[in-house]
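In what follows, a structure is listed as structure tokens, so that the remarks can point back to it.
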């Protein structure tokens with residue numbers, strides 16, 4: 001793929017794209033040093049992803065919710081049946097994940113293999129895209145950020161669909177480069193078919209492809225080149241038909257998720273307030289774009305772990321260095337505006353994401369905007385290229401800016417390599433269940449509290465576990481108060497009578513189940529009532545604690561297994 005861009009030529013720009021291109025196509029013979037550095041960055045990015053993949057940490061709660069379905073359901077059921085825990089994912093991603101299960105088993109690495117391949121594919125494909133549009137320095141910066149961004153690395157080893165969405169967004173840009181200048185029917189049909197297939201692997205692909213269709217169509221309409229406009233309707237129509245079929249047969253069949261909208265609104269402020277009605281709403285318009293520097297780009301210094309103390313200082317916005325990449329991205333947008341079609345291909349997905357966010361249909365938050373990374377990185381690379389020309393006579397200053405730009409992403413990723421607890425979404429769902437598996441004795445009874453049943457269901461099937469546990473029911477929504485809740489638990493707890501040893505498995509912090517509105521019922525979510533503590537108090541009355549497994553530190557990773565010897 002990289003060889004395809006060994007040489008490029010500058011196409012004639014339509015009349016509405018006046019002005020010389022700031023981003024000149026790279027020369028046919030790129031300096032060997034730039035090629036070497038690009039190869040090293042790609043190798044580094046692949047290496048970081050492989051490190052975390054081979055680390056094989058426990059599934060995060062969201063990975064469990066999705067994959068407890070993937071390991072049990074067949075291909076047809078994945079396309080036609082509702083999922084446990086109200087999960088949603090593109091059918092193409094689900095089918096490939098199911099194939100990995102059949103080929104490699106049900107454990108974590110098998111289910112993370114396809115996201116890993118997509119993450120590596122994103123790197124290679126984006127390197128080709130960046131080399132086409134940017135000069136050596138701009139391409140190196142853009143590829144380097146993608147290679148080391150903690151968010152992009154994390155999603156490459158997360159058993160969910162977001163790495164695939166990033167790959168599809170990057171692949172769409174590569175296909176745009178290859179086919180948008182080839183108006184023959186065969187090429188346009190090929191482009192259309194490939195885009196139509198991509199839509200089945202990525203929900204967000206519709207934003208990217210629709211943006212390309214609008215930008216390219218506008219070029220031909222505004223220059224009154226009607227024959228080309230009609231020709232390019234071939235791929236665009238294929239994309240539209242593909243999306244319509246998928247929406248009618250699959251997406252529209254998903255259950256309504258009012259609770260999920262409520263969750264992303266209250267917990268993450270994931271929807272653009274339109275119109276803004278408060279000071280907090282106005283701040284949203286600055287904070288959310290600013291947060292793109294963290295997720296997906298990772299070019300903002302993350303103040304967690306041993307750096308958390310710096311989060312309280314008023315100087316944090318200065319030394320987090322967000323102002324530097326933000327300035328370069330804005331500058332790059334200004335420079336790329338001279339290339340109207342490309343500019344709108346890159347900008348419109350962002351605007352579409354904001355629009356559907358305002359309609360409360362798609363959160364503008366974290367993993368949901370990962371697909372914007374390629375466009376943002378091209379803007380960033382264009383800004384770097386522009387700065388290089390501006391500082392042509394002041395190279396030490398330019399190199400100093402590059403060092404400042406690289407510091408946050410290098411520090412963030414380096415800290416996560418040396419302290420894996422800092423890597424995103426670390427949860428030890430596996431640990432307590434396997435600890436019981438190791439120490440289980442015949443006659444033991446295992447009681448899994450309702451907020452860990454999803455983990456038990458996955459690991460029981462995947463490893464498998466050699467014990468059958470009592471799976472607690474979520475009774476809080478049918479209970480009136482704490483006393484009523486504990487009373488309704490008694491039939492479940494009755495199963496421990498006559499047993500010598502009891503294992504109790506729970507998550508200390510998780511209070512919301514899938515499908516529930518945040519904070520309901522109110523009595524369950526007060527700071528004075530922790531259901532798992534109350535259940536432990538009941539067990540302490542009928543036995544004594546003799547063993548315990550929990551993640552370290554306990555107050556951060558609350559997945560726990562407690563062993564009681566029961567009174568006879």
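Going from the start of the chain as shown, residues are counted 1 onward.
The backbone N, Cα and C atoms fix where each Cβ goes, and this holds for glycine too.
No curator has checked TrEMBL annotations; they are predicted automatically.
Predicted, not measured: the structure shown is a model, and the values here were computed from it.
Feature annotation from TrEMBL assigns transmembrane segment to 33-51, 113-130, 136-155, 162-179, 191-217, 229-250, 317-337, 342-362, 368-384, 396-414. Residues or ranges marked as domain 'Glycosyltransferase RgtA/B/C/D-like' by TrEMBL: 89-244.
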For the domain 'Glycosyltransferase RgtA/B/C/D-like' (89-244), the mean pLDDT of the predicted model: 98
Criterion met for the transmembrane segment (113-130) and the transmembrane segment (162-179) (at least three Cβ pairs under 8 Å): yes
Cβ contacts the transmembrane segment (317-337)/the transmembrane segment (396-414), at least three under 8 Å, sequence gap 6 or more: yes
Same-chain residues at least 6 beyond the ends of the transmembrane segment (136-155) whose Cβ lies under 8 Å from its Cβ atoms: 23, 26, 30-31, 34, 37-38, 41-42, 44-45, 48-49, 52, 115, 119, 122-123, 126-127, 130, 162-163, 166, 294-299, 302, 366-367, 370, 373-374, 377-378, 380-385, 388, 402, 405-406, 409-410, 412-413, 416, 423-425
Residue numbers, six or more beyond the limits of the transmembrane segment (342-362), whose CB comes under 8 Å of its CB atoms: 133, 169, 173, 176, 204, 207-208, 210-212, 214-216, 218, 261, 265, 270-274, 333, 336, 368-369, 371-372, 375, 378-379
